[in-house]
Amino acid sequence: MSDEYGPPERIIDAAGTGDEAALERALRPVSLDEYVGQTGVREQLEIFIRAARGRDEPLDHTLLFGPPGLGKTTLANIIATEMGASLRQSSGPVLDRPGDLAAILTNLEPGDVLFIDEIHRLSSVVEEVLYPAMEDFRIDIVIGEGPAARSIKLDLPPFTLVGATTRAGLLTSPLRDRFGIVQRLAYYPVDELTRIVQRSAGRLGVSTEAHGAAEIARRARGTPRVANRLLRRVRDFAEVRADGRITEQVAADAMELLDVDRNGLDEQDRRLLEAVVHKFGGGPVGLDNLATAIGEERGTLEDVVEPYLIQEGYLMRTPRGRVATEHAYTLLGVPGQAAGSGDLFG
C-alpha cells in the first residue's frame, strides 16, 4: 500500500500521497462548472448550494463517500468556494482527542466549511464532541479535574461539516444520521476521464491528441487521480522518447513500459489472477493461501488489489474463497471452466 509521503508502490494505486498533494491542487477544478463527471452529485449539490445561499444559511452537513481518488477532497473545496466560505481541513486519524476537535470548532468563523477526511476513523470520544456541534452548534467542555471538574457549554457559529470516507459502512449510525446530504461518488467512464486528462494536459501545458488522452483514460481504472498520475508519466515518456506530443501510439508505448495494460491491470493484478487460475484451479481459494502463493500481505490483496478486479468482473469473493470468472480466463487466454469447480483451499 502507498506510503503517506512517498510515491505509490503501484502507479495505478488510487490512494494519494503527500508528494502528490501540490500537483493535485494545481489540477483541481475550483467550481461546479469546471467539475467533470458525477453528474447526479454535481446537479444535486448545485441545487442545495444555491438554496442555502438564497436563505443565507450554511449548507447542510454533507457526507461524501466512495473509492479513493474520485474527488471527495476536490468537492469539499468546491463546496467552500461556491458558498463563499473558508475551508478548514483535518482528518479522522489526526483528531485523536476531544480537545483537538474542540480547538478547531471554537476557531471557526460563521459559514466556514470544516472538512474531515477519513471521518470513519474518528474515535468514539471525539464523535461525542461532534454530535452537539453538528445538531445545535455547541460543544460541552469539561474544565478542571476530579471533584472540581465542571462542564460548560460553548456556542459555535453556524458551519458546514463535510465528511469524506472510503468506507461508509464503518460510520456509526448516530454520526451518519446527522448528515443532511449524503452523496456517493462512483468510478468514472472512459469518456469523462478523457475530458479530465485533456483538461489536466492543458493545465500542464502538454500537447495531447484526443486519442492519446483516451488511451490514458482507458487504463486509469475509472479514477481521476490515477489518470492524472499516468498523464504525468506519459508526458515524461513523450518528452524523452517522442517529440513531446502525446498521441495514441506514444501513450500506448508509455503504458507498455509502465506495465499497465489496456484494462488498467498491472503485474500484481495479473499475478493474483494467474495464481487463482493456474495454482488453485480457478478457486475457490482462501485469501491467506492466495497471499502466500504470490508473496503478498493479506491486507494488501484485500484492500488494494482485489477491489478493482472484483468491480471489473475478473474475480468473485464467495463464502468459500476467491473464484476466477470467465472474464479472467479470457484475459489470461485460458479455456474457461465453471466458476468454483476447483478444490477448496483455506
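Note that Cβ sites are derived from N, Cα and C of the backbone, with glycine treated the same way.
The region 'Large ATPase domain (RuvB-L)' annotation in Swiss-Prot covers 1-188, and the record cites sequence analysis as its basis. When pLDDT is averaged over the region 'Large ATPase domain (RuvB-L)' (1-188), the result is 88.
Classification of Thr73 (ATP binding site) by DSSP places it within a helix. Per Swiss-Prot, the feature ATP binding site maps to Leu27, Arg28, Gly69, Lys72, Thr73, Thr74, Glu135, Asp136, Phe137, Arg178, Tyr188, Arg225; the stated evidence is sequence analysis.
Swiss-Prot lists Thr73 with the feature Mg(2+) binding site, giving sequence analysis as the kind of evidence. All protein chains shown were included, and the count of other CB atoms within 10 Å of the CB of Thr73 (ATP binding site) stands at 22.
Taken through DSSP, the region 'Small ATPAse domain (RuvB-S)' (189-259) splits into 53 helix, 2 strand, 16 coil. The region 'Small ATPAse domain (RuvB-S)' feature in Swiss-Prot is assigned to 189-259.
Marked as region 'Head domain (RuvB-H)' by Swiss-Prot: 262-346.
In the three-state DSSP scheme, Arg298 (DNA binding site) falls into the helix class. Look at Swiss-Prot and you will find Arg298, Arg317, Arg322 tagged as DNA binding site.
For the recorded DNA site, residues Arg298, Arg317, Arg322 set the reference point as the centre of their Cβ atoms, and the other residues of that chain within 8 Å of it by Cβ are Gly286, Leu287, Leu290, Leu301, Glu302, Glu306, Gly321. Ranking the binding-site residues Arg298, Arg317, Arg322 by the distance of their Cα atoms from the Cα of Tyr188 (ATP binding site) places Arg317 first. Residue environment of Phe137 (ATP binding site) contains 17 other Cβ atoms, counted within 10 Å of its Cβ in all protein chains. Phe137 (ATP binding site) sits 47 Å from Arg322 (DNA binding site), taking the C-alpha atoms as the reference points. Here Arg298 (DNA binding site) is compared against the binding-site residues Leu27, Gly69, Glu135, and the shortest C-alpha distance is to Gly69. The binding-site residues considered are Arg317, Arg322; of these, Arg317 has the fewest other C-beta atoms within 10 angstroms of its C-beta.
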